[in-house]
Amino acid sequence: MAQQEARIKKLEGDSADENAEYQLRQERQGLEETKNVLPSMRQKIQEALDRLEQELESNKESGGEQDSKQVTKAKSALADAKKAVEEIS
């Protein structure tokens, strides 16, 4: 979103370009679509995070952790996803 906003500001300042108005309209539309999609995507990501945390906890409680590579990958994915959610919040 920050990149889209930066492109919009650049286009607003670029009055010499004949195509700037069209590009500006397209960028604004793209930004609005992104803003509309983010809440539902954030919710889906959070639900997936919750399920993964539950699976890890269930695996831990059952004495699992048999495939430590898979558990390590899952924990890494969980940390990355939490970071991504924080960045878009």
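Cβ coordinates are placed from backbone N, Cα and C, and glycine is handled just like the others.
Any TrEMBL annotation is an automated prediction that lacks curation.
Annotation comment: TrEMBL describes 1-13, 24-35, 54-70, 80-89 as compositional bias 'Basic and acidic residues'. Per TrEMBL, region 'Disordered' is recorded for 1-39, 54-89.
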The correct DSSP tally for the compositional bias 'Basic and acidic residues' (54-70) reads 11 helix, 0 strand, 6 coil
Residue counts for the region 'Disordered' (1-39) under DSSP, helix then strand then coil, are 32 helix, 0 strand, 7 coil
Treating G and I as helix alongside H, and B as strand alongside E, what does DSSP give for the compositional bias 'Basic and acidic residues' (80-89) in helix, strand and coil?
9 helix, 0 strand, 1 coil
